[in-house]
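Colleague: Have a look at the structure that comes next, please.
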Amino acid sequence: MLDFIPQIPIADWISRLTDWITDVFAFLFNPIKNQFGDFMEWFAETLALIPPIIVIIIVAVVAFFITGKKFGLAVFSIVGLWLIYNQGAWEELMSTFALVLIASLLSVIIGVPIGILMSKSKIAETIITPILDFMQTMPAFVYLIPAVAFFSIGMVPGIFASLIFATPPTVRFTNLGIRQVSEELVEASEAFGSTGSQKLFKVELPMAKSTIMAGINQTVMLSLSMVVIASMIGAPGLGRDVLSSLQRAQVGTGFVAGMGIVILAIIIDRFTQNLNKSN
Amino acid sequence: MPIIKVEGLSKVFGKNVKDSLKLLDQGMKKEEILKQTGDTVGVNRASFEVEQGEVFVIMGLSGSGKSTLVRLINRLIEPTEGSVFVDGENLATMNKEDLRRVRREKLSMVFQRFALFPFRTILENAEFGLEIQGMDKEKRSAKAKESLELVGLGNYINQLPGQLSGGMQQRVGLARALANDPEVLLMDEAFSALDPLIRKDMQDELLDLQQKMQKTIIFITHDLDEALRIGDRIALMKDGSIVQIGTPEEILVSPANDYVERFVEDVDRSKVLTAEHIMKRPETVNIEKHGPRVALERMREEGISSIYVIDNNRNLKGYVTADDASAARKKEIRDLNEILKTDTPTVDRDKPMHDIFEIIHNTPVPVAVVEDGKLLGIIVRGAVIAALVGEGEVNENA
């Protein structure tokens, strides 16, 4: 009974679709792969060139001020970053950081406008919401496969996979934040004769800012987790150390690399959260 | 020409708007239409005119459609039918650009819960309307400061709204609306969120401002006392329809139907009724014709113990008491001047009843209502009490 219809070749279709996209959009993917890949490498190397002591001082000073002149986060940053340096994982840390930074930046640049579109149009919201659900629930590893097809291996496919996986929170929270702006404030801006964009930039976005920032915080954290996974397709950084220790069953090395990721995650998380609060 | 003219303005919320309008034409009630089409009638064929400089109050209970009506006037809600003329231009049919122009130049709105932007300072809030118009920073700051001074907040310009009390926040709302120098102020339950004492202050202040600036104000409220206090005219709404439009006196004294009557039943009449409403025709003697004997005779006929004295031109001269008149008759005094008392308690015809209480309490004789020195009528204690309990007018002089 259940076998009445033969197996639907979904896997085949997706493979063929991916092949087709790879061929047709090669003119787009290749320059991205090459130029953007070069830029990423340059960026990561430049970060690694900055003397670690300067990076640590800058991070500590910024931490001190954005937490409202408290020492907690500053001290944690100094100790944590020094520990990573001490374990000889500084270069990997900088690579991971470069990937997270660029990936989340792109996520925000793409995500906020989509979120605004969703908040303005019921139709857009109806179409985009299930797509976001799909993007977030699909196991993250699956995105690595087309990423490799499009951009081969390295940093670029890592960022591509991270974009798909990490953008949804920014989109959702932007939409939510704008929809939550009180009716009376929207009316006030309209009653005084605002145009659509005046309403958006002078009232809605400022009002939604803290909600949007909460979404961005999540996006950054998801980027970090994806960037680690992306080491499986050749993205450099702390994730690669985790992967290689896994392959060789080296518990100690694996733990050290994992600890580095945790320290980075805590610092990034507290930074983005406090940025939100201090505004 | 009226500055605002609303004609057959309707709003139906729902999906079967056309059917609902037809049912409205057939005179069907709001509830029946809801049952039949699932649509909610917000406003049903409202028509009225507001003159330049007038305070026009739209009042009704919650759900009566008053907030919808005010939003139809500046088209925050799209009208289903009808027209709104502001200075002769029909808002209901104009394009978006013209609508923005009218909103920027002619209509400003003050909101119930203030609707201040929490991330902007008081000054920046007051500047908002001007900023939207693209006015440069210096000019709009100056104008906004001016209007903040006007509402007494000149010293708070760098605070955030959250740091101010409710009353002060609403002053900012008012300043923001005034900064645009609009022709019409739309005030949607502007004082309803304030506590009663502050509310009264704000009402006084609004009236002062209105006298200074001669703005036209459309004021929405559910509070009849407030409506009677500040309104030149009042429109009473029920179930989306305007039930009666009139001056506060007209509404109180001749309610159009049972609904209005029930509405005004509980009102504090002493604040609305004036001397004119409760005075009665006075018994008088003419100082140029009559003497103590006539005075005494009249008092005996009417069963009163004092009588007012006038001259040929009805100018009030004073009063005489029965005791004095009787003594004078015994002494065969002919001239009323010799026993005339001139410490007459007098009030103007438009003195609120509220202010008459004390005068009448401290005097043994009825209070005289005068205009330009002429006696119009008198007020006896009984009339005051009768008017307070709502027995309507006792004006026999009309």
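Note: Cβ is positioned from N, Cα and C throughout, glycine not excepted.
Under the heading transmembrane segment, TrEMBL lists A:46-66, A:73-90, A:96-119, A:140-166, A:220-239, A:251-268. TrEMBL lists A:93-272 with the feature domain 'ABC transmembrane type-1'.
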Colleague: Under 8 Å for C-beta pairs, could you tell me which stretch among A:46-66, A:73-90, A:96-119, A:220-239 has the largest tally with the transmembrane segment (A:140-166)?
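Modeller: Looking at each of A:46-66, A:73-90, A:96-119, A:220-239 in turn, the most contacts to the transmembrane segment (A:140-166) are made by A:220-239.
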Colleague: Under 8 Å for C-beta pairs, could you tell me which stretch among A:46-66, A:73-90, A:96-119, A:220-239 has the largest tally with the transmembrane segment (A:251-268)?
Modeller: A:73-90
Colleague: Can you name the far-off residues of the same chain, 6+ from the ends of the transmembrane segment (A:220-239), with a Cβ under 8 Å from a Cβ of it?
Modeller: 44, 89, 92-93, 95-96, 99-100, 103-104, 107, 140-141, 143-144, 147-148, 153-155, 157-159, 161-162, 165-166, 169, 257, 260-261, 264-265, 268-269, 272
